[in-house]
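One structure below.
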Amino acid sequence: MPESANRSRFRDLDFGLIGFYLVCAAVLTFIMLPVFVVFFYSFFGSAVGGLGSPTLEFYEGAISNNLDAIILSIQIAVITVIVDIIIGVPAAYTLVRYDFPFKRLAMELTILPMAIPGIVIGVAIVRSWGAPRFGIDIGGTVEIIIIGHILFTIPFVIQVTMATLESVNYRRLEESARSLGAGWLRTFLYVIVPNIYNGIIAGAIMAFALSLGEFNISFFVYTPQNTTLPIALFGGFRTATVGEASALASIFILLIVGLLLIVQLISDEGVKLGGNV
Amino acid sequence: MTEVTLDGITKRFGTETAIEDISLTVREGEVLSIVGPSGCGKSTTLRTIAGFEEPTEGRIHFDDRDVTDVRAEERNVGLVFQNYALFKNMTVLENVTFGPRMQGVPKEERRAKAMELLELVGIDDLADRDPSSLSGGQQQRVGLVRALAIEPEILLLDEPMTGLDAKLKKRLRREIGKLLTDIGVTTLYVTHDQTQAMAMADRVAVLNDGHIEQIGTPETVYEQPANQFVANFIGTSNLLPATANGSTVDLGFTTIEAGGLSPTNGEVTVVTRPDDFTLNGGPIEASVLDTFYIGGTVQMVVELPDENQISLNVSPKEVDVSDLEPGDRINLSLDASNVHVVN
(Lines of atoms letter the chains of each structure in order from A and count residues from 1; the text may use other names and numbers.)
(Lines give C-alpha, C1' and ligand atoms only; values in the text may rest on other atoms or scores of the structure.)
Protein backbone atom coordinates (compact mmCIF):
# COMPACT_ATOMS: atom_id res chain seq x y z
CA MET A 1 0.00 0.00 0.00
CA PRO A 2 1.48 3.31 -1.01
CA GLU A 3 -0.12 5.07 1.92
CA SER A 4 1.41 2.87 4.59
CA ALA A 5 4.76 2.94 2.78
CA ASN A 6 4.68 6.72 2.97
CA ARG A 7 3.81 6.59 6.60
CA SER A 8 6.72 4.29 7.45
CA ARG A 9 9.13 6.46 5.48
CA PHE A 10 7.83 9.41 7.42
CA ARG A 11 8.45 7.53 10.66
CA ASP A 12 12.09 6.97 9.65
CA LEU A 13 12.49 10.72 9.58
CA ASP A 14 11.18 10.96 13.09
CA PHE A 15 13.04 13.73 14.94
CA GLY A 16 13.36 11.56 18.02
CA LEU A 17 15.16 8.94 15.97
CA ILE A 18 17.46 11.55 14.46
CA GLY A 19 18.19 12.67 17.99
CA PHE A 20 19.25 9.17 18.96
CA TYR A 21 21.51 8.89 15.92
CA LEU A 22 23.11 12.22 16.78
CA VAL A 23 23.78 11.19 20.38
CA CYS A 24 25.25 7.91 19.18
CA ALA A 25 27.47 9.71 16.65
CA ALA A 26 28.65 12.14 19.33
CA VAL A 27 29.58 9.29 21.68
CA LEU A 28 31.48 7.47 18.93
CA THR A 29 33.34 10.66 18.01
CA PHE A 30 34.18 11.19 21.65
CA ILE A 31 35.60 7.67 21.86
CA MET A 32 37.49 7.74 18.57
CA LEU A 33 38.86 11.29 18.61
CA PRO A 34 41.91 10.62 20.82
CA VAL A 35 42.69 7.51 18.75
CA PHE A 36 42.62 9.52 15.53
CA VAL A 37 44.73 12.27 17.06
CA VAL A 38 47.39 9.80 18.15
CA PHE A 39 47.42 8.13 14.73
CA PHE A 40 47.66 11.54 13.10
CA TYR A 41 50.66 12.61 15.17
CA SER A 42 52.35 9.26 14.63
CA PHE A 43 52.66 10.20 10.95
CA PHE A 44 52.78 14.00 11.05
CA GLY A 45 54.31 14.86 14.44
CA SER A 46 57.53 16.80 14.49
CA ALA A 47 60.37 17.13 16.98
CA VAL A 48 59.63 20.74 17.73
CA GLY A 49 55.93 20.32 18.35
CA GLY A 50 54.43 21.62 15.10
CA LEU A 51 53.37 19.53 12.14
CA GLY A 52 55.82 17.90 9.77
CA SER A 53 55.42 16.07 6.49
CA PRO A 54 54.05 12.52 6.61
CA THR A 55 56.69 9.96 7.56
CA LEU A 56 57.15 6.45 8.94
CA GLU A 57 60.37 7.31 10.74
CA PHE A 58 58.57 7.64 14.09
CA TYR A 59 57.46 4.03 13.81
CA GLU A 60 61.03 2.96 13.11
CA GLY A 61 62.20 4.91 16.13
CA ALA A 62 59.38 3.69 18.35
CA ILE A 63 60.07 0.07 17.50
CA SER A 64 63.87 0.19 17.64
CA ASN A 65 63.97 2.16 20.89
CA ASN A 66 61.24 0.12 22.63
CA LEU A 67 61.68 -3.32 21.17
CA ASP A 68 62.76 -4.74 24.51
CA ALA A 69 59.74 -3.27 26.27
CA ILE A 70 57.34 -4.56 23.60
CA ILE A 71 58.80 -8.06 23.74
CA LEU A 72 58.88 -8.10 27.55
CA SER A 73 55.26 -6.94 27.73
CA ILE A 74 54.15 -9.67 25.34
CA GLN A 75 56.14 -12.29 27.28
CA ILE A 76 54.62 -11.14 30.58
CA ALA A 77 51.13 -11.14 29.06
CA VAL A 78 51.57 -14.67 27.69
CA ILE A 79 52.75 -16.06 31.01
CA THR A 80 50.03 -14.16 32.87
CA VAL A 81 47.33 -15.60 30.62
CA ILE A 82 48.68 -19.16 30.89
CA VAL A 83 48.69 -18.97 34.69
CA ASP A 84 45.27 -17.28 34.66
CA ILE A 85 43.79 -20.17 32.69
CA ILE A 86 45.52 -22.95 34.59
CA ILE A 87 44.34 -21.70 37.97
CA GLY A 88 41.38 -19.49 37.00
CA VAL A 89 39.28 -22.02 35.05
CA PRO A 90 39.32 -24.75 37.73
CA ALA A 91 38.69 -22.04 40.35
CA ALA A 92 35.67 -20.75 38.41
CA TYR A 93 34.35 -24.30 37.98
CA THR A 94 34.76 -25.00 41.69
CA LEU A 95 33.03 -21.77 42.64
CA VAL A 96 30.07 -22.41 40.37
CA ARG A 97 29.80 -26.15 40.75
CA TYR A 98 30.26 -26.96 44.41
CA ASP A 99 28.57 -25.86 47.58
CA PHE A 100 30.77 -25.01 50.50
CA PRO A 101 30.69 -22.62 53.45
CA PHE A 102 31.27 -18.97 52.55
CA LYS A 103 30.83 -19.72 48.84
CA ARG A 104 29.25 -16.32 48.19
CA LEU A 105 32.07 -14.61 50.01
CA ALA A 106 34.62 -16.55 47.98
CA MET A 107 32.91 -15.52 44.74
CA GLU A 108 32.95 -11.89 45.79
CA LEU A 109 36.60 -12.11 46.79
CA THR A 110 37.49 -13.06 43.23
CA ILE A 111 36.01 -9.78 42.01
CA LEU A 112 37.90 -7.74 44.57
CA PRO A 113 41.02 -7.07 42.47
CA MET A 114 38.72 -5.63 39.76
CA ALA A 115 37.30 -3.16 42.24
CA ILE A 116 40.48 -2.16 44.04
CA PRO A 117 42.43 0.59 42.23
CA GLY A 118 45.57 -0.69 40.53
CA ILE A 119 47.67 1.79 42.44
CA VAL A 120 46.51 0.22 45.71
CA ILE A 121 47.37 -3.24 44.43
CA GLY A 122 50.74 -1.85 43.39
CA VAL A 123 51.47 -0.62 46.90
CA ALA A 124 50.24 -3.91 48.37
CA ILE A 125 52.41 -5.96 46.03
CA VAL A 126 55.49 -3.96 46.93
CA ARG A 127 54.68 -4.37 50.62
CA SER A 128 54.06 -8.12 50.22
CA TRP A 129 56.79 -9.20 47.82
CA GLY A 130 59.13 -6.21 47.52
CA ALA A 131 61.27 -7.53 50.34
CA PRO A 132 62.31 -11.15 50.91
CA ARG A 133 59.49 -13.15 52.49
CA PHE A 134 59.35 -16.84 53.41
CA GLY A 135 62.70 -17.16 51.73
CA ILE A 136 61.33 -15.77 48.46
CA ASP A 137 63.16 -12.74 47.20
CA ILE A 138 61.60 -11.44 44.00
CA GLY A 139 61.85 -7.69 44.58
CA GLY A 140 62.78 -5.97 41.33
CA THR A 141 62.32 -9.08 39.15
CA VAL A 142 60.00 -9.82 36.24
CA GLU A 143 58.26 -12.38 38.45
CA ILE A 144 56.89 -9.69 40.74
CA ILE A 145 55.42 -7.87 37.74
CA ILE A 146 53.82 -11.14 36.59
CA ILE A 147 52.36 -11.74 40.05
CA GLY A 148 50.84 -8.26 39.97
CA HIS A 149 49.41 -8.85 36.49
CA ILE A 150 47.91 -12.21 37.45
CA LEU A 151 46.31 -10.62 40.49
CA PHE A 152 44.86 -7.88 38.31
CA THR A 153 43.67 -10.04 35.39
CA ILE A 154 42.55 -13.34 36.91
CA PRO A 155 39.19 -11.95 38.10
CA PHE A 156 38.25 -11.35 34.47
CA VAL A 157 39.06 -14.94 33.47
CA ILE A 158 37.15 -16.26 36.48
CA GLN A 159 34.12 -14.04 35.85
CA VAL A 160 33.86 -14.85 32.14
CA THR A 161 34.36 -18.56 32.80
CA MET A 162 31.67 -18.61 35.49
CA ALA A 163 29.21 -16.80 33.22
CA THR A 164 29.95 -19.20 30.34
CA LEU A 165 29.52 -22.22 32.61
CA GLU A 166 26.06 -21.02 33.59
CA SER A 167 25.13 -20.29 29.99
CA VAL A 168 25.95 -23.79 28.69
CA ASN A 169 23.92 -25.49 31.45
CA TYR A 170 27.11 -27.25 32.58
CA ARG A 171 25.31 -29.32 35.19
CA ARG A 172 23.24 -31.21 32.62
CA LEU A 173 26.33 -31.68 30.45
CA GLU A 174 28.27 -32.96 33.39
CA GLU A 175 25.51 -35.34 34.47
CA SER A 176 25.14 -36.65 30.92
CA ALA A 177 28.89 -37.26 30.69
CA ARG A 178 29.02 -38.99 34.05
CA SER A 179 26.02 -41.18 33.27
CA LEU A 180 27.90 -42.21 30.11
CA GLY A 181 30.79 -43.43 32.23
CA ALA A 182 33.18 -40.46 32.33
CA GLY A 183 34.75 -39.75 35.72
CA TRP A 184 35.13 -36.18 36.93
CA LEU A 185 38.50 -35.54 35.24
CA ARG A 186 37.40 -36.81 31.82
CA THR A 187 34.07 -35.02 32.23
CA PHE A 188 35.94 -31.79 32.95
CA LEU A 189 38.48 -32.15 30.14
CA TYR A 190 36.36 -33.74 27.36
CA VAL A 191 33.01 -32.09 27.97
CA ILE A 192 33.08 -29.09 30.29
CA VAL A 193 36.22 -27.34 29.03
CA PRO A 194 35.45 -27.76 25.30
CA ASN A 195 31.92 -26.47 25.86
CA ILE A 196 33.15 -23.33 27.62
CA TYR A 197 36.20 -22.94 25.38
CA ASN A 198 34.88 -19.75 23.78
CA GLY A 199 34.46 -18.14 27.17
CA ILE A 200 37.93 -19.20 28.29
CA ILE A 201 39.49 -17.78 25.13
CA ALA A 202 37.51 -14.56 25.41
CA GLY A 203 38.58 -14.19 29.05
CA ALA A 204 42.18 -15.03 28.15
CA ILE A 205 42.35 -12.41 25.42
CA MET A 206 40.81 -9.85 27.72
CA ALA A 207 43.43 -10.75 30.33
CA PHE A 208 46.15 -10.51 27.68
CA ALA A 209 45.02 -7.03 26.66
CA LEU A 210 44.75 -5.91 30.28
CA SER A 211 48.21 -7.24 31.09
CA LEU A 212 49.65 -5.56 28.01
CA GLY A 213 48.22 -2.22 29.08
CA GLU A 214 48.73 -2.54 32.84
CA PHE A 215 50.46 0.55 34.20
CA ASN A 216 49.60 1.15 37.86
CA ILE A 217 51.00 -2.03 39.38
CA SER A 218 53.93 -2.21 36.97
CA PHE A 219 54.92 1.32 37.82
CA PHE A 220 55.52 0.31 41.44
CA VAL A 221 57.55 -2.82 40.78
CA TYR A 222 59.45 -2.30 37.50
CA THR A 223 63.15 -1.68 37.24
CA PRO A 224 64.92 -0.01 34.28
CA GLN A 225 65.91 -3.52 33.14
CA ASN A 226 62.28 -4.66 33.28
CA THR A 227 60.46 -1.86 31.54
CA THR A 228 57.09 -2.81 30.13
CA LEU A 229 55.42 -1.19 27.14
CA PRO A 230 53.09 1.15 29.12
CA ILE A 231 56.01 2.28 31.29
CA ALA A 232 58.06 2.92 28.15
CA LEU A 233 55.16 4.84 26.67
CA PHE A 234 54.90 6.97 29.80
CA GLY A 235 58.63 7.66 29.63
CA GLY A 236 58.36 8.34 25.92
CA PHE A 237 55.82 11.09 26.30
CA ARG A 238 58.12 12.87 28.69
CA THR A 239 61.40 12.39 26.86
CA ALA A 240 60.92 11.33 23.24
CA THR A 241 59.43 13.30 20.39
CA VAL A 242 55.67 13.68 20.04
CA GLY A 243 55.81 11.66 16.85
CA GLU A 244 57.67 8.72 18.33
CA ALA A 245 55.50 8.59 21.43
CA SER A 246 52.40 8.72 19.21
CA ALA A 247 53.76 5.94 17.04
CA LEU A 248 54.32 3.77 20.11
CA ALA A 249 50.78 4.52 21.30
CA SER A 250 49.45 3.62 17.83
CA ILE A 251 51.29 0.29 17.87
CA PHE A 252 49.69 -0.33 21.22
CA ILE A 253 46.21 0.46 19.94
CA LEU A 254 46.71 -1.82 16.94
CA LEU A 255 47.78 -4.69 19.20
CA ILE A 256 44.66 -4.28 21.32
CA VAL A 257 42.31 -3.91 18.33
CA GLY A 258 43.84 -7.03 16.81
CA LEU A 259 43.11 -8.94 19.99
CA LEU A 260 39.54 -7.67 20.11
CA LEU A 261 39.02 -8.82 16.53
CA ILE A 262 40.18 -12.30 17.48
CA VAL A 263 37.70 -12.33 20.38
CA GLN A 264 34.95 -11.35 17.97
CA LEU A 265 35.93 -14.04 15.50
CA ILE A 266 35.94 -16.72 18.18
CA SER A 267 32.57 -15.76 19.54
CA ASP A 268 31.13 -15.76 16.02
CA GLU A 269 32.71 -18.94 14.73
CA GLY A 270 32.95 -21.08 17.82
CA VAL A 271 35.60 -23.69 18.26
CA LYS A 272 35.19 -27.43 18.43
CA LEU A 273 37.41 -29.53 20.63
CA GLY A 274 37.36 -32.81 22.49
CA GLY A 275 35.40 -34.83 19.97
CA ASN A 276 36.61 -38.24 18.91
CA VAL A 277 34.59 -40.96 17.31
CA MET B 1 17.33 -56.58 31.23
CA THR B 2 17.34 -55.28 34.74
CA GLU B 3 14.78 -54.90 37.48
CA VAL B 4 15.28 -51.73 39.46
CA THR B 5 14.07 -51.56 43.04
CA LEU B 6 13.84 -48.55 45.31
CA ASP B 7 13.49 -49.59 48.90
CA GLY B 8 12.31 -46.90 51.30
CA ILE B 9 14.19 -44.04 49.65
CA THR B 10 14.10 -40.77 51.57
CA LYS B 11 16.03 -37.69 50.50
CA ARG B 12 16.32 -34.59 52.64
CA PHE B 13 18.03 -31.37 51.69
CA GLY B 14 18.77 -29.78 55.03
CA THR B 15 15.41 -29.71 56.75
CA GLU B 16 13.47 -29.99 53.44
CA THR B 17 12.23 -33.47 52.66
CA ALA B 18 12.18 -33.93 48.88
CA ILE B 19 11.01 -37.53 48.83
CA GLU B 20 9.87 -39.68 51.69
CA ASP B 21 9.97 -43.44 51.93
CA ILE B 22 9.61 -44.14 48.22
CA SER B 23 9.45 -47.83 47.44
CA LEU B 24 8.84 -49.00 43.92
CA THR B 25 9.99 -51.56 41.44
CA VAL B 26 10.58 -50.94 37.77
CA ARG B 27 10.15 -54.39 36.31
CA GLU B 28 12.40 -55.88 33.65
CA GLY B 29 11.77 -54.19 30.32
CA GLU B 30 8.90 -52.16 31.69
CA VAL B 31 8.24 -48.49 31.05
CA LEU B 32 7.26 -46.98 34.39
CA SER B 33 6.19 -43.38 34.40
CA ILE B 34 6.43 -41.09 37.40
CA VAL B 35 3.96 -38.22 37.18
CA GLY B 36 3.21 -35.43 39.55
CA PRO B 37 3.10 -31.68 39.81
CA SER B 38 6.33 -29.71 39.89
CA GLY B 39 8.13 -30.00 43.20
CA CYS B 40 6.59 -33.39 43.99
CA GLY B 41 9.99 -35.08 44.10
CA LYS B 42 9.96 -36.87 40.77
CA SER B 43 13.23 -35.35 39.59
CA THR B 44 14.89 -36.12 42.91
CA THR B 45 13.78 -39.73 42.54
CA LEU B 46 15.31 -39.92 39.07
CA ARG B 47 18.53 -38.21 40.17
CA THR B 48 18.83 -40.62 43.07
CA ILE B 49 18.57 -43.60 40.73
CA ALA B 50 21.13 -42.00 38.40
CA GLY B 51 23.52 -41.55 41.31
CA PHE B 52 23.57 -37.75 41.44
CA GLU B 53 21.85 -37.61 44.79
CA GLU B 54 22.73 -39.81 47.68
CA PRO B 55 19.59 -41.01 49.47
CA THR B 56 19.36 -40.00 53.12
CA GLU B 57 17.74 -43.36 53.81
CA GLY B 58 16.91 -46.46 51.83
CA ARG B 59 18.64 -48.68 49.27
CA ILE B 60 18.60 -48.95 45.47
CA HIS B 61 19.06 -52.30 43.73
CA PHE B 62 19.68 -53.11 40.07
CA ASP B 63 18.58 -56.76 40.13
CA ASP B 64 20.45 -58.15 43.13
CA ARG B 65 23.24 -55.58 42.99
CA ASP B 66 23.05 -52.87 45.64
CA VAL B 67 24.06 -49.69 43.78
CA THR B 68 23.27 -47.19 46.54
CA ASP B 69 26.94 -46.40 47.05
CA VAL B 70 28.04 -46.84 43.42
CA ARG B 71 29.17 -43.66 41.68
CA ALA B 72 27.06 -42.27 38.83
CA GLU B 73 29.71 -43.01 36.19
CA GLU B 74 29.80 -46.66 37.23
CA ARG B 75 26.06 -47.27 37.40
CA ASN B 76 25.51 -47.69 33.67
CA VAL B 77 22.35 -45.63 33.63
CA GLY B 78 21.08 -43.98 30.45
CA LEU B 79 19.91 -40.44 30.90
CA VAL B 80 17.87 -38.19 28.60
CA PHE B 81 17.15 -34.64 29.67
CA GLN B 82 14.51 -32.16 28.63
CA ASN B 83 17.09 -29.97 26.89
CA TYR B 84 18.96 -33.07 25.61
CA ALA B 85 22.30 -31.74 26.95
CA LEU B 86 24.07 -32.79 23.77
CA PHE B 87 27.79 -32.10 23.67
CA LYS B 88 28.03 -29.17 21.27
CA ASN B 89 31.76 -29.69 20.82
CA MET B 90 31.16 -33.06 19.19
CA THR B 91 29.36 -34.30 16.10
CA VAL B 92 26.23 -36.43 16.37
CA LEU B 93 28.30 -39.59 15.93
CA GLU B 94 30.86 -38.45 18.51
CA ASN B 95 28.03 -37.78 20.95
CA VAL B 96 26.68 -41.28 20.48
CA THR B 97 30.08 -42.99 20.72
CA PHE B 98 31.09 -40.98 23.80
CA GLY B 99 29.66 -43.46 26.30
CA PRO B 100 31.17 -46.58 24.71
CA ARG B 101 34.44 -44.63 24.28
CA MET B 102 34.51 -43.89 28.02
CA GLN B 103 33.82 -47.55 28.69
CA GLY B 104 36.74 -48.59 26.52
CA VAL B 105 34.79 -50.19 23.67
CA PRO B 106 37.11 -50.49 20.61
CA LYS B 107 36.71 -47.78 18.00
CA GLU B 108 35.31 -49.87 15.15
CA GLU B 109 32.84 -51.60 17.39
CA ARG B 110 31.48 -48.43 19.00
CA ARG B 111 31.19 -46.75 15.61
CA ALA B 112 29.24 -49.63 14.12
CA LYS B 113 26.97 -49.80 17.14
CA ALA B 114 26.34 -46.06 17.05
CA MET B 115 25.51 -46.10 13.34
CA GLU B 116 23.13 -48.99 13.91
CA LEU B 117 21.29 -47.06 16.63
CA LEU B 118 21.18 -43.85 14.58
CA GLU B 119 19.72 -45.86 11.72
CA LEU B 120 17.13 -47.29 14.06
CA VAL B 121 15.79 -43.80 14.78
CA GLY B 122 16.24 -42.74 11.15
CA ILE B 123 18.96 -40.12 11.52
CA ASP B 124 22.06 -42.03 10.39
CA ASP B 125 22.46 -39.49 7.59
CA LEU B 126 23.04 -36.80 10.24
CA ALA B 127 25.97 -38.62 11.87
CA ASP B 128 28.59 -36.03 10.93
CA ARG B 129 26.48 -32.98 11.65
CA ASP B 130 26.82 -30.66 14.64
CA PRO B 131 24.03 -31.15 17.15
CA SER B 132 23.26 -27.43 17.10
CA SER B 133 22.29 -27.67 13.42
CA LEU B 134 19.56 -30.23 14.15
CA SER B 135 15.88 -29.66 14.84
CA GLY B 136 14.45 -30.23 18.30
CA GLY B 137 13.05 -33.63 17.39
CA GLN B 138 16.34 -34.74 15.83
CA GLN B 139 18.32 -33.58 18.86
CA GLN B 140 15.90 -35.48 21.04
CA ARG B 141 16.63 -38.67 19.12
CA VAL B 142 20.38 -38.11 19.37
CA GLY B 143 19.99 -37.71 23.13
CA LEU B 144 18.02 -40.93 23.31
CA VAL B 145 20.43 -42.90 21.14
CA ARG B 146 23.43 -41.57 23.06
CA ALA B 147 21.90 -42.90 26.27
CA LEU B 148 21.06 -46.26 24.67
CA ALA B 149 24.57 -46.69 23.23
CA ILE B 150 25.94 -47.74 26.62
CA GLU B 151 23.32 -50.50 26.80
CA PRO B 152 22.08 -49.11 30.11
CA GLU B 153 20.64 -51.15 32.95
CA ILE B 154 17.87 -48.59 33.11
CA LEU B 155 16.94 -45.69 30.87
CA LEU B 156 15.90 -42.53 32.70
CA LEU B 157 13.90 -39.96 30.78
CA ASP B 158 13.47 -36.58 32.46
CA GLU B 159 10.68 -34.62 30.76
CA PRO B 160 12.19 -35.51 27.38
CA MET B 161 9.38 -34.01 25.30
CA THR B 162 8.69 -30.79 27.10
CA GLY B 163 9.29 -27.86 24.79
CA LEU B 164 8.46 -29.72 21.58
CA ASP B 165 5.34 -28.80 19.65
CA ALA B 166 2.21 -30.88 20.07
CA LYS B 167 2.33 -32.69 16.72
CA LEU B 168 5.99 -33.63 17.06
CA LYS B 169 5.33 -34.77 20.61
CA LYS B 170 2.67 -37.14 19.37
CA ARG B 171 4.91 -38.55 16.64
CA LEU B 172 7.91 -38.97 18.95
CA ARG B 173 5.72 -40.55 21.56
CA ARG B 174 4.79 -43.24 19.08
CA GLU B 175 8.33 -43.67 17.77
CA ILE B 176 10.00 -43.71 21.16
CA GLY B 177 7.32 -46.00 22.55
CA LYS B 178 7.97 -48.46 19.74
CA LEU B 179 11.75 -48.18 20.12
CA LEU B 180 11.61 -48.86 23.85
CA THR B 181 9.37 -51.87 23.27
CA ASP B 182 11.69 -53.19 20.54
CA ILE B 183 14.85 -52.75 22.58
CA GLY B 184 13.11 -53.85 25.75
CA VAL B 185 15.13 -51.63 28.05
CA THR B 186 13.84 -51.01 31.57
CA THR B 187 12.68 -47.40 31.51
CA LEU B 188 11.69 -44.77 34.03
CA TYR B 189 9.92 -41.82 32.46
CA VAL B 190 9.50 -38.73 34.59
CA THR B 191 6.98 -36.14 33.45
CA HIS B 192 4.42 -33.66 34.69
CA ASP B 193 2.31 -34.41 31.61
CA GLN B 194 -0.14 -37.14 32.52
CA THR B 195 -1.21 -37.69 28.91
CA GLN B 196 2.37 -38.52 27.90
CA ALA B 197 2.75 -40.70 30.96
CA MET B 198 -0.40 -42.69 30.27
CA ALA B 199 0.37 -43.07 26.58
CA MET B 200 3.98 -44.23 27.01
CA ALA B 201 3.95 -46.23 30.21
CA ASP B 202 3.08 -49.76 31.18
CA ARG B 203 2.50 -48.50 34.68
CA VAL B 204 2.14 -45.05 36.19
CA ALA B 205 3.29 -43.91 39.63
CA VAL B 206 1.55 -40.75 40.80
CA LEU B 207 3.82 -38.74 43.06
CA ASN B 208 2.68 -35.93 45.30
CA ASP B 209 4.54 -34.00 47.94
CA GLY B 210 7.38 -36.50 48.10
CA HIS B 211 5.38 -39.68 48.38
CA ILE B 212 3.64 -42.12 46.06
CA GLU B 213 -0.13 -41.73 45.94
CA GLN B 214 -0.77 -44.68 43.65
CA ILE B 215 1.01 -47.06 41.29
CA GLY B 216 -0.90 -48.91 38.65
CA THR B 217 -1.62 -49.35 34.98
CA PRO B 218 -2.90 -46.24 33.20
CA GLU B 219 -6.38 -47.79 33.26
CA THR B 220 -6.26 -48.39 36.99
CA VAL B 221 -5.12 -44.94 37.98
CA TYR B 222 -7.70 -43.38 35.69
CA GLU B 223 -10.65 -45.59 36.45
CA GLN B 224 -9.93 -46.42 40.06
CA PRO B 225 -8.01 -43.51 41.50
CA ALA B 226 -6.91 -44.23 45.04
CA ASN B 227 -7.80 -40.80 46.32
CA GLN B 228 -8.90 -37.28 45.38
CA PHE B 229 -5.39 -36.20 44.43
CA VAL B 230 -4.98 -38.96 41.86
CA ALA B 231 -8.52 -38.43 40.57
CA ASN B 232 -7.78 -34.75 40.06
CA PHE B 233 -4.31 -35.13 38.64
CA ILE B 234 -5.02 -37.91 36.15
CA GLY B 235 -7.49 -36.64 33.60
CA THR B 236 -10.36 -34.28 34.27
CA SER B 237 -12.52 -35.18 37.21
CA ASN B 238 -15.68 -33.92 38.76
CA LEU B 239 -15.37 -34.53 42.46
CA LEU B 240 -18.77 -34.51 44.07
CA PRO B 241 -19.47 -34.74 47.80
CA ALA B 242 -21.90 -37.50 48.70
CA THR B 243 -23.18 -39.63 51.52
CA ALA B 244 -22.72 -43.36 51.31
CA ASN B 245 -25.38 -45.40 52.96
CA GLY B 246 -25.11 -49.13 52.56
CA SER B 247 -26.00 -50.00 49.01
CA THR B 248 -26.63 -46.47 47.76
CA VAL B 249 -24.64 -43.26 47.42
CA ASP B 250 -26.65 -40.07 47.79
CA LEU B 251 -25.34 -37.15 45.74
CA GLY B 252 -28.11 -34.85 46.86
CA PHE B 253 -29.56 -34.33 43.40
CA THR B 254 -29.52 -37.98 42.54
CA THR B 255 -28.89 -41.33 44.11
CA ILE B 256 -26.78 -44.02 42.53
CA GLU B 257 -26.39 -47.67 43.32
CA ALA B 258 -23.16 -48.17 45.24
CA GLY B 259 -22.78 -51.67 43.84
CA GLY B 260 -19.89 -52.43 46.16
CA LEU B 261 -18.23 -49.18 45.16
CA SER B 262 -18.26 -47.48 48.51
CA PRO B 263 -15.50 -48.39 50.89
CA THR B 264 -17.27 -46.91 53.90
CA ASN B 265 -20.52 -45.38 54.98
CA GLY B 266 -20.84 -41.66 55.64
CA GLU B 267 -19.15 -38.74 53.90
CA VAL B 268 -17.45 -39.79 50.67
CA THR B 269 -16.37 -38.22 47.41
CA VAL B 270 -17.68 -39.47 44.11
CA VAL B 271 -15.28 -39.25 41.18
CA THR B 272 -17.02 -38.79 37.87
CA ARG B 273 -15.37 -38.18 34.52
CA PRO B 274 -16.69 -35.73 31.93
CA ASP B 275 -17.78 -38.66 29.76
CA ASP B 276 -19.96 -40.16 32.48
CA PHE B 277 -22.74 -37.64 31.88
CA THR B 278 -25.10 -37.78 28.95
CA LEU B 279 -27.23 -34.94 27.72
CA ASN B 280 -30.40 -36.88 27.09
CA GLY B 281 -33.11 -35.34 29.13
CA GLY B 282 -32.32 -37.47 32.16
CA PRO B 283 -33.33 -36.78 35.76
CA ILE B 284 -30.50 -34.39 36.73
CA GLU B 285 -31.30 -30.73 36.19
CA ALA B 286 -28.42 -28.40 35.49
CA SER B 287 -27.80 -24.97 34.06
CA VAL B 288 -25.25 -24.21 31.37
CA LEU B 289 -22.34 -21.98 32.33
CA ASP B 290 -20.07 -22.32 29.32
CA THR B 291 -19.62 -24.33 26.17
CA PHE B 292 -16.39 -24.82 24.24
CA TYR B 293 -16.43 -26.33 20.79
CA ILE B 294 -13.01 -28.00 20.30
CA GLY B 295 -13.50 -30.09 17.21
CA GLY B 296 -14.56 -33.66 17.90
CA THR B 297 -16.01 -32.75 21.28
CA VAL B 298 -18.00 -30.04 22.95
CA GLN B 299 -16.77 -29.35 26.45
CA MET B 300 -19.43 -27.97 28.72
CA VAL B 301 -19.30 -26.54 32.19
CA VAL B 302 -22.63 -26.81 33.96
CA GLU B 303 -23.90 -26.11 37.43
CA LEU B 304 -25.73 -28.78 39.36
CA PRO B 305 -28.66 -28.03 41.70
CA ASP B 306 -26.31 -28.16 44.70
CA GLU B 307 -24.20 -25.43 43.02
CA ASN B 308 -21.32 -27.79 42.28
CA GLN B 309 -19.83 -27.16 38.87
CA ILE B 310 -18.95 -30.07 36.65
CA SER B 311 -17.32 -30.52 33.25
CA LEU B 312 -18.80 -32.80 30.68
CA ASN B 313 -17.99 -33.82 27.16
CA VAL B 314 -20.71 -34.23 24.61
CA SER B 315 -20.56 -35.01 20.95
CA PRO B 316 -21.34 -32.14 18.56
CA LYS B 317 -23.61 -34.65 16.85
CA GLU B 318 -25.82 -34.73 19.93
CA VAL B 319 -25.78 -31.04 20.67
CA ASP B 320 -25.85 -27.98 18.52
CA VAL B 321 -23.68 -25.63 20.49
CA SER B 322 -25.17 -22.57 18.88
CA ASP B 323 -28.49 -23.49 20.48
CA LEU B 324 -27.06 -23.41 24.00
CA GLU B 325 -26.71 -20.16 25.88
CA PRO B 326 -25.28 -19.71 29.35
CA GLY B 327 -28.19 -19.97 31.77
CA ASP B 328 -30.10 -22.54 29.68
CA ARG B 329 -31.58 -25.43 31.63
CA ILE B 330 -30.57 -28.92 30.54
CA ASN B 331 -31.27 -32.41 31.77
CA LEU B 332 -28.51 -34.93 32.29
CA SER B 333 -28.20 -38.52 33.23
CA LEU B 334 -25.24 -40.05 35.03
CA ASP B 335 -23.87 -43.40 33.95
CA ALA B 336 -23.08 -44.86 37.35
CA SER B 337 -21.19 -47.87 35.96
CA ASN B 338 -17.98 -45.88 35.63
CA VAL B 339 -18.08 -43.71 38.71
CA HIS B 340 -15.70 -44.36 41.52
CA VAL B 341 -15.94 -43.50 45.19
CA VAL B 342 -13.04 -42.36 47.33
CA ASN B 343 -12.94 -41.32 50.96
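Any Cβ shown, glycine's included, is placed from N, Cα and C.
As recorded in TrEMBL:
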type	residues	note
DOMAIN	A:70-263	domain 'ABC transmembrane type-1'
TRANSMEM	A:20-44	transmembrane segment
TRANSMEM	A:69-93	transmembrane segment
TRANSMEM	A:105-126	transmembrane segment
TRANSMEM	A:146-168	transmembrane segment
TRANSMEM	A:188-209	transmembrane segment
TRANSMEM	A:215-235	transmembrane segment
TRANSMEM	A:247-267	transmembrane segment
Are the transmembrane segment (A:215-235) and the transmembrane segment (A:188-209) close enough to be called in contact, which here means at least 3 C-beta pairs under 8 A that are separated by 6 or more residues?
no
The transmembrane segment (A:247-267) and the transmembrane segment (A:146-168) contact flag, 3+ Cβ pairs under 8 angstroms:
no
Of the stretches A:20-44, A:69-93, A:105-126, A:146-168, which racks up the most C-beta pairs under 8 Å with the transmembrane segment (A:188-209)?
A:146-168
